[in-house]
Each structure stands twice: as structure tokens, then as C-alpha cells.
Amino acid sequence: MKFTLNWLQKYVDTTGLTPTEIADKLTMLGLEVDSVAPIFEELAALKTGLVISCEKHPDADKLSLCQVQVGDDTHQIVCGAPNVREGLAVTVALPGAVLPGNFKIKKSKVRGIASAGMLCSERELGIGEDHDGIMELPEGMAHGQRFIDAMELSDTFIEVDLTPNRPDCASVIGTAREIAGKIGRPLQIPVKDRQIEAESRDFSVEVESSELCPRYTAKLIKNVTVGKSPWWLRKLLVSVGMRPINNIVDITNFVMLEYGQPLHAFDFKKVAGNKIVVRLPRENETEITTLDGTKREISAEMLLICDADKPIAVAGVMGGANSEIDAESTDILLESACFNPVSVRKTARNLKLPSEASYRFERGVDPGGVVNALDRAAELIAEIAGGALCSEGIDNYDGKKAVEVQRFSISRTSSLIGVEFSGEELTAMLTSIEMVVEKDPENEDILLVTAPTFRIDIEREADLVEEIARIYGYDNVPTATPLVALSYPEQDDDRLKRYPLALKLTRIGFNEAINYSFVTAQHADMLQLSEQDYRRKVVTLLNPLSEEQAVMRACLLPSLLENVKRNISFQKTAVKLFEIGKIFLAQGEDVQPIERQCITGVLSGNKFGESSSLYFKSANVDIFDAKGTVEFILSEMGLTDLANNEKIEFTVPPEGAREPFSTQDYALTIHLGPNVLGTIGKVEEEVLKSFGIKHEVYYFDLNFDALCALSPQTKAFSSLPVYPAVKRDIALVVPASISAGELLATVRSSRDKLMEYAEIFDVFEGGKIQKGYKSVAVSITYRSQTKTLTEKNVEKSHSKIVSLLTDRFGGSFRDA
């Protein structure tokens, strides 16, 4: 809804309020203000002038050489307008002024004659479409004034974004009513409480469906003169972005904006049979040419306004070209009606013809205000276009609805808003927005409220409470701290571990995946699970969205493998994903499934990521990357050393205990004593094929709930080492069946007092290494807490560890 501050001022006195304050009050009333801005500021540099002489240009028949007085100065201006003449008050753009469209005025020569400015037409000023001549200002207007001051164009534009439940505010009067109620000032309405006194005999109206057209009113105005609208009317329309057309059409548009009631004017001489019929199309009526000159197809459900022979308008949307007002029209049939909102909405959408009228009809117009708008427009037409005004007309109101009275509790309203109101205060606020309020003779706490017909959103007591809150002011409601007993949620220790761990995994190159808990039942077959595997017993959904989401997942790995396939299809050369989520293990009918939280990860492609240097392009992930990630997880969770000196171990599972989707050569079980905490491995090629993956994929799968339940060993802190460390590397060639982890565990179990740390840094097969054997390289750090080690001290401890490895594993050593 668009209006200006000066227009609003015609209906409610806003003296003392700035545009910003008015916008704030509208916002607090629940009307969202989109914009507040001054208008016609681009015309501020223009002046009023007086043509004191006008002569023909010596070198051009169609140009005039004018002397124009602007204040104390006289300017010579060459003008080509046919209506320029001596004594004419004009709008002058002097050099330096900028017209709409960024047209800069400069001193120039026109056919050899100097011209110091421009006399402007309405189109050049952006306030109309007339370009046949310059704009003629009122006779006797003082020259030298600012044009926007002289023509009262200086104004503020306000645009309000209305919600669908407030069609009453799709008018300037409706908005003024809200402001008046808020600031406690009277509302001035030009025409109200009108009724059609007598039925006209000059024409007839027939409405075939009162459901589609609850009310239809019309008046005939004779002997009008169609012409240009007066300046005040054109100015108001232009200020809100509407194009003036002629006095009749401009009046209907003005009243629509003023009252929120769309109107339409027919040329009565073009209405066959002097009859209006509101009906649906006949079988042979398939198209109509609307006012914009476009032929439009009409369908069977579109409501039409017809004369005795043919359709002459699409109800609530647009008039027909066969009955439009033109310069020759003298008798006007003025329509003011109420159409079904749903019907108008469908018609406007189907015709792709939104309009200001359909905008209001779609939201619902006031059936009680139809005659007020009709009379207001009729009076303006008689005043401006010289028509003969008569009181007769036709009012077909077959769709009138019974008035509903709402019971309104004073005490409940006070309780809900938090302010103690009296019945008199509530009555004053409601009557300020034109509601009728009476006391209930049987109950002092109850007011009987009748909402006006334009408030279609008032349906129950809660709506009235909202009206009181709006008018009183939400910002005036006192704030009070609610007395609520606070309860703190139980601390989720697992969650406190989950988030930091996920964050740290992303920092070492992983991406977190969050997949649906609903998966396909085919996953068990794709993983090659045995018939006895507990993960085949799934929780089935009663109403799945699709077959792809028919069961609850019993394992996180399948969804991650689908993620791998998708990433590879997008040319990702390095994929590292993990997910921390729940799996659901069925326990039989009528028994809740076990929910277990797991952390599962997959690794495929380049070891160092897509941005790795050329040197590392061929380095792909292997089982040690998966194992290293698990060790990182255990370390970050503080589970490297457990209470009671327990240790989490990695072992090669026996053949029957290996995961069916893991290869035989690359499989590890993670356990704490007899309890299995998870597995690591390389996914079988056949399993990968079932997921459409052609690249190697390594995985880890851990019971996160079980890990969170473990108690880490209390850390014992010692002072920082003072003496330097000595590193020695050894490489042992052993049978390929011996795991590197077993060899490392042997080194660490030596318990040599000088050995501080040991780690494997290389495992190598092939080359000069005998087939069936591999080289395992171990780095050992030696340090003393009391002295600097000598070569002799280190050699003694190192030899001891070498002997230990030789005795246990055999093989040969090579000093690294």
C-alpha cells in the first residue's frame, strides 16, 4: 500500500509527528513499513517562470524565442512547444538543473540563437504523460519560486507491506484509521454510512450467483465531459506511481486508493439493453478483449460482467475494451461491487493479469463500504466532469451475512496483556477503530463487541485482545521477569567428547558426513554379511518414504561408501570422510532396538590430499593411514593409557572373526581384553563393486559409546628433560606374517631404563627383500634423566633390544 504524508493528513491530523515517527507507529500497529522517502526531490532545482515575450525564431518556423522572467532575472529560452505564449506561467529548468533520467540542462545555441534553459512538459518532469506542449501552471502564479513548493509537490512517500489478513489497510483511509486510533485523534471520512435511496429505472442489474458476487451496486451519471483531471488529482496519483488517464478513470483509481474499494466505469451507451448481468461465461463465450487491447481466453469458472448480449468486463480484474470510457463518452455507468476473493484470485492467475483492483479483491473488500465508495466517486465525477448527480441507483445485496457479536472479557484481556484495564478504557480503544461496544447486562466483566464489516480478520476474542495490545502499544506493556523454576539439562559427557573430536578430525584432513538414518535393506547383501550376522536384523519402517529409506541403519559404513562413490564421480582424487552417528540394532518384536553410537571413517585416493605436490601425487592411502587415524582418535580421547594399566590393542583377527567386507591381508581388530571396540581394514573388491567404486577404500569402525565409557589413566607429570636424547634406527627383516605392531610391542616391553620412546617409521616389501619377507624399521629414542649419555651407554641398551628382537623373531638386522 502506497500513500503520501500530505494525503494521509486529509483524514487524520498528524501535526507534530515526523514521517519517521508515523512509520514507527505503523510498525508497532503491525503494519510493516517498507520505505519512507521524500518524493520529487529531483525537481528541487526547477523554478516557476513567466513568459514576458514570445517571438518566432528567425531561422525556424516551429521554434519560439521567449523571454522568461524568473524572480529578478530574465532568461532567453528557445522553445518548440506549440502552446508557449506571452503571459504563460511555466516550469523553468535553468542551466545546472538535472531532469529525471539524468538529463542535464546546459547553456546552448539553437539555430544560432543562445538558449539559457528549458521550459518543461509533464513527461519531462516525470509527473505525467503529456508531451504535446509545455506544462501550463495556474494563471497568476508568482515566478521565481521552487516548482515543487509552488505546486505542493514536496511530500513524503510511505509504502506499507500488508499481510493478507488486513485488507482494510489497503487504502489511505484504512491506514489513517489505524493512526487515528493510535494517537487518539478523530478520523475524517469524506463519505460514510451511505445507502442508495431509490432504485434506478434507467438500467437493471442481475446477479446469477450471490456466492461469487455478494454485493453489486451501480449508479448512472449523465452528461459528463471526459477530459484532463485537475492538478490535485493527477498529483496524488503520480505521487504513488499511478499514470493519470482521464478525469473519469482517474477518479475511480483515486477512490480505490482512498477507500480500498475498486470501481469501474462503463460507457453506458455501449452497454447493450441497458442491463448488467453478473454471471459465468456461456458456452460460446471463449474470449474477451481487455482494456489493454489484449485478447484473452476465458474459462468456464471465470466470473464476468455482461450486458444483455456479451461480456464487457472480467469481474474484479479488468474491464473490456468494448465498454471503455473514451473522449466521446457522456453517460457513465459506475460500478462498485464485492466479488468472491478466491474467484478473483484464480481468474487473475489464469489470465496472468494482476492489477490494483485484483490485489484488493483477492484479500477481500468491505461489503459494507461499497456504497460509500460509489457515492464518493459519483460526487467527484459530478464536481470534476460536470455530470448530473442523482440519488437513484441499484444495490443488489443478496449475499449479506449476519453480524457476529463477540464476547470480550475485561479481566482475561488484562491478564493476557499484563496491564490492568477498565471497561471504559477498552471501550474507548475499540471505538477509536470503529467497533461497536456494549456492556453485557448480565456480566460486568463482559463487553459485547461488533466488528465493522471492513475488519474481516476479527473472528474471536483473541483477535480483540490483539487489537487492544496494538492500540495500547506493545512498547508500553511493562516488562516483568517470569517466575519460572529453572531446570538444567543433564550434562551429556559423550557430546562433550564428540564435538571436539569431530573438529580435530577435520583438522587432519577429514570431512564430516551426516547421512540419513533411513537406508535400503540391500545394504546387508552389499556388505556380504552372513545370514547369522546380527546386523541383518534391521528395524523396518512402517511407512517408508521409498525403498531406499525402508529400514534403520545397522552400520554406518554403507552410507559412507555411497559418499565415496559420489565424491569420486565429481573427480575428487582424495576422499577422507567420517561420521559419528547412531546405529539401530533390532531386538525382536515389541522390544525397543538398541541405539549405539559409532564413529566410522573411510579413506580413498591420494594420501596427502588433492593439493599435494607433484612428488606425492602417486602416494595413496593404505592400512597404516586408517590405523594411524584410529590411534589419533584414541590419543585425543585420552585412551592411550587406561586405568588399571589396561591397554587397547590392535590384533590380526582369526579367519572366522574377520569382517566379511574386509580383505584377508588388511584387517585388524581393536579390543580391550575380550571386548571388541572396533575394526580396521581394506574393503573387499566385490563389496566396492556393489557400490560402484573402482578405487581402493580403507575403513575404520569404532564403538564410540564403548570408547566414551573407558576411563583414561591419571596422567603423571614430570619435569622437562634436561639432558639430550639420542636416536637410533634399526631395520629387521622378518617373515611377512609377523605384524609390525607385534614387533613394536616387543621393543616397548624391553623396559630398558634408558629407552624413552619407540615407533615404526617404515615397512617395506619387494626390491632386494626376499619374497615372503618384509623390512620393519624402528626408531628408538634414548635419554637419561641424570646425565648426558655416552656412546657406550647407548650401545649397551641398544644391543640389549637388538638381542631381544633377534631371539624372538629371528631374521637379520641392517643398521639404519
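Every residue gets a Cβ built from N, Cα and C, even glycine.
According to Swiss-Prot, the feature domain 'tRNA-binding' maps to 40-148. Taken from Swiss-Prot, the feature domain 'B5' applies to 401-479, supported by sequence analysis. The feature Mg(2+) binding site is assigned by Swiss-Prot to Asp457, Asp463, Glu466, Glu467, with sequence analysis given as support. Taken from Swiss-Prot, the feature domain 'FDX-ACB' covers 721-814, and the record attributes it to sequence analysis.
Taking all protein chains in view, 15 other C-beta atoms sit within 10 angstroms of the C-beta of Glu466 (Mg(2+) binding site). Taken as a whole, the domain 'FDX-ACB' (721-814) shows an average pLDDT of 87 in this prediction.
The binding-site residues Asp457, Asp463, Glu467 differ in how many other CB atoms lie within 10 Å of their CB, and the one with the most is Glu467. Residue counts for the domain 'B5' (401-479) under DSSP, split into helix (H, G, I), strand (E, B) and coil, are 32 helix, 14 strand, 33 coil. Taking the centre of the Cβ atoms of Asp457, Asp463, Glu466, Glu467 as the Mg(2+) site, the nearby residues of that chain (Cβ within 8 Å, site residues left out) are Arg455, Ile458, Ala462, Leu464, Val465, Arg470.
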